[in-house]
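According to TrEMBL:
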- SER30, GLY31, SER32, THR33, ASP85, GLY86, ALA87, ASP88, LYS98, GLY99, GLY100, GLY101, LYS125: substrate binding site (BINDING)
- GLU107: active site, proton acceptor (ACT_SITE)
Amino acid sequence: MTDQVDLYKKIAGEKAVEYIEDGMVLGLGSGSTVYWTLKKLGGLIEQGLNIKGIPSSLRTEGWAKYFNVPLTDFSDVQVLDLAIDGADEIDPNFNLTKGGGGSLVREKMVNFHAKKVIIIADQSKMVDELGKFPLPVEVLQFGWQVTAQKIADLGAKPVLRERDGCFFVSNNDNYILDCEFNSIPDPEKLHHSLKQLLGVVETGLFVNMTDMVILAGAKGVKVINKTNQI
Ligand SMILES: O=C[C@H](O)[C@H](O)[C@H](O)COP(=O)(O)O
């Protein structure tokens, strides 16, 4: 990652806090862009802002605790006011590929139960069509080989994710298959086809779940609402 991309992530991440209001219950997304939101949010909390958040990964939980962001969970709250999250790819209809960091299941739950979802990213994440970024699919460890074969039958090249020479295990104790489809012309259809496969826990396709995108790039920061998409 370049310093420039890092800077854009910081700009987008910090911009998102402008949409946080006192008393809100927040969905705290995952990834390096969300880190900047949490850091900025920590500063506002120190000045008296009263919010609580549900983290979408153990990593986010750690950062939130570090920045003194009060946390809650679904035993306490059923509906969130606002979720702020990153993405790996965003298409012109605001469909997303997510899960590059392996947090897609918890992210999807948090975003699904939020009244409003804001996606923050650097400009490079905006694409004409999803698919260049290999689609993360969370699968049960048991029988992952046969699940991978079924995904391959749908036209993908699935690769079991590894980290530091070991198989990557998600926060839910599952594996992740990074599935190269190259092009995903109909994200909703593909999501449903994948979900029908036994062994698939969830896909990284987030269809129709985003209300606003905050993009930062060389020309500054752009806020795009679902209603005035590019
Ligand atoms: O599982 C990870 C998430 O979907 C992230 O939100 C996504 O990978 C974007 O991450 P970053 O902000 O680090 O580019």
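Placement of Cβ uses the backbone N, Cα and C atoms for every residue, glycine included.
Automated prediction, rather than curation, is the source of TrEMBL annotations.
Distribution of TrEMBL features across the structure.
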residue: SER30; record: substrate binding site; DSSP (3 states): coil
residue: ASP85; record: substrate binding site; DSSP (3 states): strand
residue: LYS98; record: substrate binding site; DSSP (3 states): coil
residue: GLU107; record: active site, proton acceptor; DSSP (3 states): helix
residue: LYS125; record: substrate binding site; DSSP (3 states): helix
Filter the candidate list SER30, SER32, LYS98, GLY100, LYS125 of binding-site residues, keeping only entries whose CB is under 6 Å from an atom of ligand 1.
SER30, SER32, LYS98, GLY100
Additional residues surrounding substrate, by Cβ distance to the SER30, GLY31, SER32, THR33, ASP85, GLY86, ALA87, ASP88, LYS98, GLY99, GLY100, GLY101, LYS125 centre under 8 Å:
GLY29, VAL34, SER103, GLU107, ALA121
Rounded to the nearest Å, what's the C-alpha distance separating LYS125 (substrate binding site) and the residue listed as 'active site, proton acceptor'? Just drop the number here, would you?
18
Using all protein chains in view, find how many other C-beta atoms are within 10 Å of the C-beta of LYS125 (substrate binding site).
24
Alpha-carbon spacing, SER32 (substrate binding site) to GLU107 (active site, proton acceptor), which is rounded to whole Å:
14
